[in-house]
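Novice: The following feature annotations were taken from TrEMBL:
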{"type": "TRANSMEM", "residues": "39-60", "note": "transmembrane segment"}
{"type": "TRANSMEM", "residues": "66-88", "note": "transmembrane segment"}
{"type": "TRANSMEM", "residues": "135-156", "note": "transmembrane segment"}
{"type": "TRANSMEM", "residues": "189-210", "note": "transmembrane segment"}
{"type": "TRANSMEM", "residues": "297-319", "note": "transmembrane segment"}
{"type": "TRANSMEM", "residues": "368-389", "note": "transmembrane segment"}
Amino acid sequence: MFTTQNSHRLPSELEVMPFILRLMEFIGLWGPPGQIVRFLAAFGWGTMIILFPKAVLGIGSDRFDAIAKGIAEFIFEGSLFVATAIFASKRIAFERLIDGLKEIFQRATNGPHSNDCYDLLLRQNLSINKFVKGYTIYCCFGPFVFCVPSLAASHFRYWTHSGNQSEPLIFELPMEQEFYGLQIRTNFLHYHIFVLLSLFAYFVCAYFLLVKVSVHFIMIQYSSSTYRLVALRIRKMTESKEVTQSELVDIVELHRLAYRCSTLVEQICHLPLALEFLTCILFWCLTMFYVSNNIDFNLVNVMVLFWLSLLETFGYSYLGSKLTEQADEVGAAIYDLPWFEHSVELQRYCRLMLQRVQRPTGITGAKFFVVQLATFGSVVQMSYSYYLVLKEALTMI
């Protein structure tokens, strides 16, 4: 259990993900528990506009490239909604993690070498704020970028189409799907009803994606920083050559809290990350097949989703490797400490930290694989291999 120290309040520049928590409160994932109805309403809207029509009513096309695009979109959106629902169910663990991070930051910035710890956390929060603002802008414009090319192409066809042409007028859809019996590919009014309703659903998806990716990225990054703080405190103590029992006890407690936070991060993230890595293999495979056979307006839509998936998967892999490295750095700092020169009591505290660092620290995917850069390389290789197999199989048909 964490016991947040209320006697010292964190300065505003060191607050734990304040902007993201406000975004979560707006959608009902933070704040009063009764606000969860907002999340359920948004989740239901996206499900009924995007997921249900694709899963039940079908893609609405007999072309395999369109079917591949529709399945890839369903995989991307389905993974997003399921992962967001899993995160919503982990609220208690998330609240405990926020309390734990606050306690660590308070201890680090109010103890010995507080200026160095303050500078480390300040630089981290500035980097996080830049990332969140950039990603927010991307997600805000994403739904418009997703809809505008197909909408512009459809309007161009409609206003330049001559009624006596033998070929029927077919509108471009942002996503390949049917929509509750409406003739969204051939009827001008039905098409615009579908695009308008879909635009709001795409904003829901963008909001979910912003919260999901930002929260998971920041949680893993903060967990890495807690180990950096521990290693920093140990190295500063080594440089000063004055090891006191009170300071060493404080470092041991800081390390215990850091380990507890990384355990909570693993508890929150392991299922969404497993889902992301498993589904991105199929998504990238189908995306590569579609891109290799089509160069049209829909390519913009496909690439928007592809780059989002690529950024998310690479980010998890990079941050997972970084977390493991920072946890191992604590062990290296302890070994550099001249513990053998001190009393048996101080050696006992050093042994406690050494025993803790021997436990593997990192992020896994449902406990089956470790999320690190090597995993990202394997996923890319598997996706390309499956794409080649799929392309070869269809060539033989």
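One-based numbering along the chain as shown.
Note: Cβ is positioned from N, Cα and C throughout, glycine not excepted.
Just so you know, TrEMBL annotations never went through curation; they're auto-generated.
So where do these features actually land, and what's packed around them?
Specialist: Residues of the same chain lying 6 or more positions beyond the ends of the transmembrane segment (39-60) and with a Cβ under 8 Å from any Cβ of it are 27-29, 66-67, 70-71, 73-74, 77-78, 81, 84-85, 88, 175-180, 185, 197-198, 200-201, 204-205, 207-208.
Nonlocal intrachain contacts for the transmembrane segment (189-210), taken as residues 6+ away from its ends with a CB within less than 8 angstroms of a stretch CB, comprise 23, 27, 42-43, 45-46, 49-50, 77, 80-81, 84, 135-136, 139-140, 142-143, 146-147, 150-151, 154, 171, 173-175, 179, 182-183, 308.
If you look at the transmembrane segment (368-389), the same-chain residues 6 or more away from its ends with a CB under 8 A from one of its CBs are 273-274, 277, 280-282, 284-285, 288-289, 313-314, 316-318, 320-321, 324, 362.
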